[in-house]
């Protein structure tokens with residue numbers, strides 16, 4: 001029986017994030033150096049920006065893991081501006097340096113996870129948005145990054161490549177975020193596949209947005225409207241997630 005991501009034990013979640021890292025690495029390897037200059041699916045970002053972001057994100061998450069391990073507070077980023085400057089710097093690296101950044105940063109994060117004492121996984125750390133979470137949450141934070149941003153490279157990877165339990169967790173994460181922000185009220189997502197078919201507002205008068213798990217995730221993350229239908233007269237853009 002397939003388990004929802006949150007129901008997985010830590011070892012299973014680490015397997016899933018490693019699969020996602022390999023998936024992103026494969027998508028990156030398929031790109032020629034000159035392809036990195038092309039547009040990604042994210043407005044205003046080239047593929048270079050996506051790779052730089054994924055690389056520096058691994059180092060940022062590794063800082064949270066080190067925080068949980070040592071007890072010394074180390075934030076993901078000094079500020080939003082510092083994060084943006086870091087990505088811009090990374091996007092300007094040579095193709096060789098950019099690829100090395102991804103490989104090195106992924107290895108650093110893996111090192112941090114492997115070095116975490118078992119008792120420290122429950123230690124609280126703070127995300128870039130200021131939310132306090134247990135260190136176990138760093139695994140999910142990275143999981144969604146590598147699987148989704150592989151799609152953003154816009155070179156063949158798609159939401160259909162993402163395991164169903166990861167898609168379900170993405171949709172749960174998104175609809176929970178909408179609820180916490182008082183956004184997305186009146187929207188219920190109904191998957192035509194998967195083991196958890198309903199997400200979001202369960203009110204009888206909610207707008208029902210339907211599609212496969214992959215298509216719903218693509219719509220809810222603002223990537224695509226393909227394969228998604230709405231019970232309303234017109235399918236609107238999804239509320240912002242992150």
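Cβ coordinates are placed from backbone N, Cα and C, and glycine is handled just like the others.
TrEMBL entries are annotated by machine, without manual review.
The following features are taken from TrEMBL:
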DOMAIN    17-153  domain 'Mycothiol-dependent maleylpyruvate isomerase metal-binding'
DOMAIN    161-229  domain 'MDMPI C-terminal'
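Note: the domain 'Mycothiol-dependent maleylpyruvate isomerase metal-binding' (17-153) comprises 95 helix, 8 strand, 34 coil (DSSP; helix = H, G, I, strand = E, B). Each residue of the domain 'MDMPI C-terminal' (161-229) gets a DSSP state, and the totals for helix, strand and coil are 26 helix, 14 strand, 29 coil.
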